[in-house]
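To start, I am sharing the structure in question, which I have written as structure tokens.
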Amino acid sequence: MIRRSAVSRVVAEGSAIASDSGFALGASQYDAVVLLSFGGPEGPEDVVPFLKKVTSGRGVPDERLYEVAEHYNHFSGISPINDCNRRLRGALEKELFSRGIRIPVLWANRNWQPQLEEVLREAYDRGFRAFLTLFTSAYSCYSSCRQYREDIAHAVERAGLSGRIIVDKLRQFFDHPGFVLPFIEGIQDCLEQVKERGFKVSRTAILFSTHSIPELDAAFSGPEDAHFGKYGAYVSQHKAVVEVIMSRLRVTDPDLQNYQLVYQSRSGDPSTPWLEPDINDAIRVLRGCEAVLIVPLGFISDHMEVLWDLDNESMQTARECGLFAIRTPTPGTHPLYISGMVDLIVERLEGVPRSARPAMTDLGPWFDVCQPGCCKNSRSGFKPAYGGVAP
């Protein structure tokens, strides 16, 4: 039996109306949590098919595709994101069980095995009817939220489960303490290493790196009627978190003044404007610095964009510029991060009101339910999506 809370859930665009406030009203019951991620190849034979699936219709040149394939081949064709998600799934379930919450955590991907439609179908056959999804992306934009929601709608339809199950989503957690505090801790630890090596904090640059996206996607990120500036909620959320982190760091290190938000891992049509500056360009123009501290602020785990684009390419750029470089850890399975993500789940299970939800910036806490037009696709137009208010 499908169990509903005080708010009517949106099971697809156009099928139901949710809370006008964007926040779920009242407690909800779920049969499982779904950790929903991007996916990645599990062996050399998977690499090119995976990349072609991911880049289909995006105008990515073949030479770029095969360049990225070589990155995976350095890891024997296995994406590190898979083991990261296996560990994350296990840690989340363990934390839930430790709190007496007997809800299983399932792992599913948008672009590779285990495919979401298969996971939902198998869960349905086990008697599960209500699902709460946790996306492995903290911020708001098409590729990190709306596309997940569209893929849920597509997976439910392909699984033949339309109208039979409920799939809700957790809020974006960019400013939740469980996500932000591990970064602060990691930066503080790395700054100690910088000092131990004899470098001055006043001559250390901190580069907060996140995934670049097309400028138009950035402009459309967030609620349609919000006013976040030229690059939308995506950039505003990142900048707000950066300022919170820096304000904490300068309490003990007031000489920390050189920092900026940078971007990485762009792809797609080379003629399409993407967010800049690229991290490598930013490193090359640093002046008066001895060291650079790289913070992967846009990522929750050590997947390919972190291990290759940062640990390989950006570190090499720093060496070429004569700079000492160090990268902070991603949240991964940090206890604060795991506890924070379970707190998000509890918010929905217990119906925690917005006023009682933690957020470290003035932008949060973010919405449970997306509004019409939120993070719309600038290229392919409207598609049905779960977890949003019907237009």
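Glycine is treated like the rest: Cβ placed from N, Cα and C.
I grabbed these lines from Swiss-Prot:
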type    : residues       : note
BINDING : Ser79, Tyr148  : Fe-coproporphyrin III binding site
BINDING : His211, Glu305 : Fe(2+) binding site
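Are these features on the surface or tucked inside, and what are their neighbours?
Taken residue by residue with DSSP, Ser79 (Fe-coproporphyrin III binding site) is part of neither helix nor strand, so it is coil. Counting only same-chain residues at least 6 apart in sequence, those with a Cβ under 8 Å from the Cβ of Ser79 (Fe-coproporphyrin III binding site) are Gly39, Gly40, Pro41, Glu42, Phe50, Tyr72, His303, Met304.
Reduced to three states, the DSSP call for His211 (Fe(2+) binding site) is strand.
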Note down the number of other Cβ atoms within 10 Å of the Cβ of His211 (Fe(2+) binding site), including every protein chain shown.
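Other Cβ atoms found within 10 Å: 22.
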May I ask for the distance between His211 (Fe(2+) binding site) and Tyr148 (Fe-coproporphyrin III binding site), taken between their Cα atoms and rounded to an integer number of Å?
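Counting only the Cα atoms, the answer is 16 Å.
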Under a criterion of Cβ-Cβ distance under 8 Å and sequence separation of at least 6, what residues of the same chain contact Glu305 (Fe(2+) binding site)?
His211, Gln264, Ser265, Phe299
At a 10 Å cut-off from the C-beta of Tyr148 (Fe-coproporphyrin III binding site), count the other C-beta atoms across all protein chains.
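Step by step: centre on the Cβ of Tyr148 (Fe-coproporphyrin III binding site), count other Cβ atoms within 10 Å, giving 24.
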